[in-house]
């Protein structure tokens, strides 16, 4: 959520920044209109209350002097009724303003490249060289089917499309990757592990920015008003909702494995085969709470930490800075890490690392004090995938496939796979 003071004092600058996103400006224009009306009404109410206080004193004097005060009393009843009506108008305006604030996206950081779509994203760096095959590389779903690692057909029978059964060494590979990623983030980068709830309440979804904008992409339990989490970002960020932390608490680093659930409402016809786009998938998520002045250094660290996983696995990737038109609703700046998938002949997103500045903290009321009696300030929050597990499985199967249909297990992963070096 944006700072109301920023909207009032730098309205045109904010509007221009949001225009760079390609955002519909109707909400911010409506906000300005309603905010002016609210402040006008508040000024009128204060004026009426001041008048009421003055006249009340006059009435008191008239009563002490045994003089007739009925006309003034009647006038003040009318003033009281007007104040009551205007207070109700103000309350309704404030409700609408609060709703509008929740629907206005974050302002892009000045370093974010300006553009309209993913075509305008800017490549920052590459690591590793895509492998040259002496045979036609197969897509990961064909490799997995031949090795008995994944079963999409039976998952469709049991649940529907965009679900999968991991079987045998496929299930072990998934579990190995979860443990491998967590061990690196905990032991080398100092994250604290949390295992979050998979169901969250509405306030949590609002806090991280999933609601109200992305309601159609969420799985909602109507009878309890719970939501299945689309990412561990939601419960872990809300871990400190409505709290005031101390300066000594920061930075806070959390690493969380969870299943993630997404309706993929806008993805009809896209990535219909394989592990790239599922309704349910596993992910290791990294979440940071930091002081505002540290957040952009922390974004660089976060991105490098996610990259480390791909480097240890020997998977070629690139890092791109998202342009303003491709930036997520809550993010001020985002780097996507894209892994090379031979069957696609291109790089595909495997991690998204974002700095939200105070946008989520303001929605979730997460603050800190620099000194014991100092005024609370909003923390900055960051998160990133460290990594998406299913897409990592896909990348390993495709990049390490052999002509005979087997798959070599990356060296760093072998201790987690019973010291196997190949899947046959």
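Using the three backbone atoms N, Cα and C, a Cβ is placed for every residue, glycine included.
Under a cutoff of 8 A between CB atoms, and with a sequence separation of 6+ in the same chain, the neighbours of residue 385 (L-serine binding site) are 231, 283, 284, 285, 286, 306, 350, 351, 352, 353. Summarising the annotation, Swiss-Prot assigns L-serine binding site to 231, 232, 233, 285, 385.
Under the three-state DSSP scheme, residue 350 (ATP binding site) falls in the strand class. Residues or ranges marked as ATP binding site by Swiss-Prot on the basis of sequence analysis: 262, 263, 264, 349, 350, 351, 352.
Counting only same-chain residues six or more apart in sequence, the Cβ atoms lying under 8 angstroms from the Cβ of residue 262 (ATP binding site) belong to 217, 218, 219, 230, 278, 279. Of all Cβ atoms in the protein chains displayed, 14 besides its own lie within 10 Å of the Cβ of residue 264 (ATP binding site). Here the C-alpha separation of residue 264 (ATP binding site) and residue 233 (L-serine binding site) works out to 17 Å. In the shown protein chains, 15 other C-beta atoms lie within 10 A of the C-beta of residue 349 (ATP binding site).
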